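Trainee: The structure that follows is given in the form of structure tokens.
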Amino acid sequence: MLTKFETKSNRVKGLAFHPSRPWILSTLHSGSIQLWDYRMGTLIDRFEEHEGPVRGVDFHVTQPLFVSGGDDYKIKVWNYKLRRCLFTLLGHLDYIRTVYFHKEHPWIVSASDDQTVRIWNWQNRSCLAVLTGHNHYVMCASFHPRDDLVVSASLDQTLRVWDISALSQKSVRAPTGEEMMGQMRGNFNAAVNSDLFGGTDAIVKYVLEGHSRGVNWAHFHPTLPLIISGADDRLIKLWRMSDVKAWEVDTFRGHLNNVSCVMFHPRQELVLSDSEDKTIRVWDLNRRTCIYSFRRENDRFWIMAAHPHVNLIAAGHDSGMVVFKLERERPAHAITAGNLIYVKDRYLRSLDFDNGRDVSLVALAGSSSGGGGGGLGSFGSLGGYSAFGDMANGIGGSGGGSASAAAQRAPARSMSYNAQENALILNYDDDNGRYELYVLPKGAAGEANVEPRRGSGTYAIFVGRNRFASLEAGKTIVVRDLHNEVTKRVPVLLPGADMMFQAGPGFVLLRNEERVALQDLQQRKIVAELSAAMIKYVAWSEDMKRVALLGKHVIVIASRKLEVLATLHETIRVKSAAWDDSGVLLYTTLNHLKYCLPNGDNGIVSTMQQPIYITRVRGPAICYLDREGNPGLMPIDPTEYTFKLLLLRKRYDDVRRMISENRLSGQAIIAYLHKKGFPEVALHFVRDEKTRFALAIDSGSLDVGLASAQALNDPEAWKQLAEEALRQGNVDIVELCYQKTKNLERLAFLYVVTGNFDKLAKMAKIAEASGNYMAQFQILSYLGDFESIASVLADCGQGPLAKLCAGTYGLSELAAQLPGEDVSASFDSGKLLCPPVALSNGANWPMLQISRGLFKRDTAAGEFEEPSADYYEDAATFAESERDPTWDEAPAAAKTAADAVDPFAAELDQRQPSGGEGLGGWGDDEFDIDVPGAGVSNAGEGAPDGGPVETDEFGREDDTDVTEAEALYYVPPKAGTGLEARWRRSSKLAGELVASGAFEDAFKLLSRQIGASQFAPMKEAMLSVYLGCRLSLPGTVNVVSNQALISRMDDVDRPLTTFSLPALKDRVGQMSQFVTQGRFSDAAKLIRLIFASAPLMSVDTMEDVNEVRAVLATCKEYGIGLALEARQKAAKAKNDAASQVLLAALFTHCRMSPVHLQLSLRAAMKVSYDVKNYIMASGFARRLLETSPKPELAASARKMIQFCDQNMTNACEVDYDDRRDFVVDCASYTPLYAGQPRTECPYCSSVYAPAARGSVCSTCAVSTVGVTAEGLRISSSQVR
């Protein structure tokens, strides 16, 4: 039994599979209906309108409907798309046990404890027929899959088969007039007549009697005239029907309690049953024997359901449900150079990949064994173990044991093929592992008759030309020759190894639950290993240089030396994998075909309806086997992963060719290119202007950004473009952006810095015309035109300031003409303001010169070169052609600016800034400014030869000759990786992540390692770590300080953390002094600080790690003790004597130093004496003497013992017994004795009662109680 999905809930009473989607409905005894996706393992929806338990449920075959029936006497029809109940059918008078849809008619059949079976029409919401005759509860009723029959089972110990052919005929024709008049003339309406006396549309065809107690279930066979039933007499009976009668065929015995449900397997000749004896049993229908029994320890089974098309079965029990399948469906196969060897229908077959010829090679042993034909098919692959952890025990029925016969027909789990000797090995799981060796005759045509050589052992594989190895008991690798004779025994060097895989001649791959190791059989040593949990399958590349290790939900890609190259995690089960010729791994999940590049990038190739198993990848197609063992060929589109692989391997010429052929599209490619640092390439896939603008800014492509900004004409876009252009030093675009946004202040400052005072003077005129005195004053100050400044001050009503300005700068005549008071006498210390000096000549900054951009076309070379062959067909040449990424193989010819055409601009609008656009944002023409692009004539005007005037990217005429050097392509330099980013990339410890500033990553890591959920107590420690690796170096005057980062001496890519082990020990020593001095609050604060800083440490060796753990254990004991002391003081203030003496007693059990233990015992002795608990006081005094105290303290203890022994009483009863082992519950501060349930803090290991699970630990104040965590990681040796 292979468990696929399991839930935990209330008792499950009803189950139903969706016929096409991976959904299952479960109805609970609590009244809820749950819709689960068993493939994803998620709860999709919950329906809760029933009052009381819901016992029956069923999906409609074609409509988005399901029906449910419960103990509220109601049948409800639901639409799961609308997520609501459509209507309710009323009529039953007691609990409803089962409900089922008819496959063709719009009918529902229901069984109820009111002793009736009813058939309903869900379209007109009416009751068609009431089937009466049972005289006890009707436990189930269902339609026949093909015929007009209904079977019902009742606690009256009978089964009834009902003929509903009359009802079926009536449903396809209109009622006659006589029938309608008869209904109208009746004393009662049709529904009441049917309820009281039963209808004539359904008659009893057979009454099957044979069970001695009530029958719980009955089920039709899907194709044969058979019925199976299960009852409270613990028996399962098989019945056969004919046209005239029905009779009992046989009885299945083996269940030890009531049989709850029994059914035929939809596609195999098996019977499945479950029972209140907590077992699921599988029976051979032909031999009438129990083959396997699967037991659950504490839960009774109540219901079963089988998927109509997929090999899945569900069973409901007391605490939930389980979805499982009886056998593995992965066909055993092996790949040779040109053939697929696989097993189908007990035959070994060979498929030629080149011509598609499929031939049978040999009939496998046991394929023609008699005794019932091929009834079981391939059932025996259960492997002897149940899904619930118990050994699957075969329990013989009335026909004797048949487990061995079933085992002979068990399908092979895996295959290993030796092409040189034409030999193969089939591995089986039964009998604790066995194998069969077939040596096929070379050159034989057609099917051969070969007798296999058998042996015991698991995972037999070929390790040489004429040698194969098998794993025995997980301890020994046995090497045999092709005659099945042992030649060598090699010990397994990986502890706990339970599986073995091929790894080339002389090597094997071994796996245990946590690791995978490569073992050399000749040298008897492990040459490589890696950490990978529960690997199930292995896929080697054709050259054996890479290997994919497939787990249930993980894929690990590694090199031959088991160096991890990439790790993938999937939410859906991984089924198979195969490498293509270029080094891309293609793998399948339950519903997707996916790819993975060597660097770990992955994506979806296609979606699949049913799972397949990849056997080979060749160009744009994959070869596969389906679950029935049928080979197939599926065409795929490898464009996406081929493009990414070319980009990864820097095959930029091929990348350019793919782009030019428009073979790619979609947002996924754009996001991938942007993520991988190729936003300039992503530009050529984008037509949306906003996206193009964002990519252009990110890639530093100012020309594309300018075109997009003009198309958007958004102030925010102009602002971003100005910032990027200013970063690159492109003064012309910065000027244009400031003009577009009318940012006069920034534009004026730009003109000042670049020395463009002519345009600055024009700006002053524009400001004057618009009445903007502030802007005019600022611009005139830049120009040093103080006469105009005085006039501006006078115009805005600042006469005294105007006179002062004119007088200061020697403009006496102007000062005399200006109105206002002369205040120059009050400012004797005034100084002249010197106009600013330009810092540059206004030219654009020079850019980094390279020969050619990665994705720019050389126009002199013409169009892109055509490929000599399809690059999908010979993908193996990728690795051999790591060519120079530059495009120019030879010096390019001289080019002009007009020739510099974007190769991808064929479909793009050529948008250049025009003069009108540059001017229109400023107002009237009389204030014309010579902005970039102004005055440029339209195409075709002004050219001497009638052709277009050559312009640069800003619209200015360019009549200069362009040399070869000037025609080179310029790009902005890319920023390197900063030290902080390198810290984040290489940091593996929480303290190092905090030092690098990656606080979010540190929070996640601490949550995973120590269950941390409260980070406020760690704020001070984190800031200390963050600031402790940074220096601030003062700069020159008016320049900000420089920040320096401090790395480790041994590794510059890791930060230096401030917290060290000696500092931690010093804090522990200081805390101990505080406790000795009685400064308990200061000691408690220091303990919290130690707990907050310890996870942020970075130590070198495991010895240091163990010392830190010892320090934390000590702090935990002191923390609990100080908390007890604080509560004791609070209890004393409340005069709570019992709590006071209990807390004092618990304080003495904290593992502290001898000095502090003596102090706690002394305090507990005094408290017990004060409250007259003399027995406890005597016990504390005796414990005090055991610590070898000072003479005066020992004398005091002896006196206490002498006094208390004469008064052996306790005035206060407390829950304290020092004769039993206990720990302190850190939530209630009471003892938790041995045997009581408990949980712990994952960080400090403080103990709590289960009720405290999910709360914050009171000792460390950081972690959540009861969560699962990896453990403290403070050394790089712990995470390697």
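Yeah, the Cβs are placed from backbone N, Cα and C, and that goes for glycine too.
Just so you know, TrEMBL annotations are computer predictions that nobody has curated.
It should be emphasised that the depicted structure is a prediction, and the values quoted were computed from it without experimental measurement.
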Trainee: In TrEMBL, which of 907-932, 933-958 is labelled region 'Disordered'?
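Mentor: My reading of TrEMBL: the region 'Disordered' range is 933-958.
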Trainee: Please average pLDDT over the repeat 'WD' (131-172) for the predicted structure.
Mentor: 91
Trainee: In the same chain, which residue numbers or ranges, 6 or more beyond the ends of the repeat 'WD' (5-46), come under 8 angstroms Cβ to Cβ?
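Mentor: Same-chain residues near the repeat 'WD' (5-46) but 6 or more away: 52-59, 61, 66, 68, 70, 78, 80, 83, 98, 302-309, 312, 314-323, 571-572, 590-591.
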Trainee: Which residue counts does DSSP give the repeat 'WD' (131-172) for helix, strand and coil?
Mentor: 7 helix, 20 strand, 15 coil
Trainee: List the helix, strand and coil residue totals of the repeat 'WD' (5-46) as derived from DSSP.
Mentor: 0 helix, 26 strand, 16 coil
Trainee: Within the repeat 'WD' (89-130), count helix residues (DSSP H, G, I), strand residues (E, B) and coil residues, in that order.
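Mentor: The repeat 'WD' (89-130) comes out at 0 helix, 25 strand, 17 coil.
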Trainee: Counting by DSSP secondary structure, give me helix, strand and coil numbers for the repeat 'WD' (47-88).
Mentor: 0 helix, 24 strand, 18 coil
